[in-house]
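Engineer: The following block contains the structure, expressed as structure tokens.
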Amino acid sequence: MSALFWATASQAAPAGCAEFGGDGQLPVLTNEALGQQTVLLCNDAFAVLHSGISHGPLWTAEHLTEEDLERSMQIGRVVRFFHADPRLSFEDRAELSDYRASDYDRGHMACSGDEPSRRAQEQSFALSNVVPQTPELNEGIWTGVEMAVRGLARREGELYVVTGPVFSAPRKTIGWHRISVPWATWKAVYDPAEDAAGAYFCLNNARPTCTIISIGALTQATGVDPFPSLPDDIRQTAMALPRPRQSPYAVRTQADPERATAEAGP
């Protein structure tokens with residue numbers, strides 16, 4: 001059952017949400033300014049920390065398992081329509097109209113292809129799980145990152161995955177609600193079987209590239225600690241994440257994932 005909890009950066013996760021965090025701990029905001037006007041949304045298969053300032057997610061957290069991904073493959077894509085999240089006030093949330101006549105796609109943070117049920121897939125299409133992404137990123141290498149992470153989860157049996165945007169000042173915005181447009185989006189991965197972690201850091205522009213970085217570098221760049229329980233040696237070493245796969249939707253971008261991904265800092 002989905003639920004809503006008002007949250008602060010230091011608040012303990014409600015029981016219904018903690019399962020999505022590594023070692024039962026959800027991400028922590030290390031930049032206190034990000035914590036203003038936030039609400040924690042618990043969904044069936046992922047958690048979201050939503051910001052009423054950016055009008056979108058600051059992070060999403062998932063526990064991907066081989067079994068759930070098998071269920072996801074069996075049901076396929078059954079939901080195709082985005083919607084405003086009714087759990088949020090009109091003032092704080094994004095509306096479909098905010099994206100109209102913009103140059104941006106509605107980019108999932110928790111990927112709809114991860115979801116093990118129709119209801120969970122419907123929840124992933126809420127705009128509380130979406131940020132503005134360029135078509136070149138959303139349809140290209142970002143889809144390749146999502147596919148690569150699912151493939152890794154199937155091989156390893158389970159992964160903890162945290163995804164989010166990073167904003168620059170001054171923020172670019174779209175729509176009547178002034179939805180914040182990130183300059184990059186990221187996806188952090190913790191592999192319990194290998195006791196290793198790392199993150200993809202992808203530029204949100206017309207020629208997107210992704211870098212593979214450590215959790216420590218990600219936290220410094222974004223103000224979000226995706227896995228607060230990790231020891232320092234794991235945090236400072238980026239695991240060998242798989243290269244993004246070739247996106248089947250990359251109509252407007254022909255970026256080669258082998259060339260568009262580098263192991264370097266943001």
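Keep in mind that glycine also has a Cβ here, set from the backbone N, Cα and C atoms.
Note: TrEMBL annotation is automatic and uncurated.
For reference, TrEMBL lists these features for the protein:
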ACT_SITE  H108  active site, proton acceptor
BINDING   N138  Mg(2+) binding site
COMPBIAS  255-266  compositional bias 'Basic and acidic residues'
DOMAIN    42-233  domain 'DNA/RNA non-specific endonuclease/pyrophosphatase/phosphodiesterase'
DOMAIN    43-233  domain 'ENPP1-3/EXOG-like endonuclease/phosphodiesterase'
REGION    241-266  region 'Disordered'
Engineer: So what's the mean pLDDT when you look at the domain 'ENPP1-3/EXOG-like endonuclease/phosphodiesterase' (43-233)?
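Structural biologist: A mean pLDDT of 96 is what the model gives the domain 'ENPP1-3/EXOG-like endonuclease/phosphodiesterase' (43-233).
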Engineer: Would you count the other CB atoms within 10 A of the CB of N138 (Mg(2+) binding site), including those on all shown protein chains?
Structural biologist: 25
Engineer: Distance check, please: Cα of N138 (Mg(2+) binding site) against Cα of H108 (active site, proton acceptor), rounded to an integer number of angstrom.
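Structural biologist: Cα to Cα, N138 (Mg(2+) binding site) and H108 (active site, proton acceptor) are separated by 8 Å.
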Engineer: Secondary structure at N138 (Mg(2+) binding site) (DSSP, helix/strand/coil)?
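Structural biologist: Reduced to three states, the DSSP call for N138 (Mg(2+) binding site) is helix.
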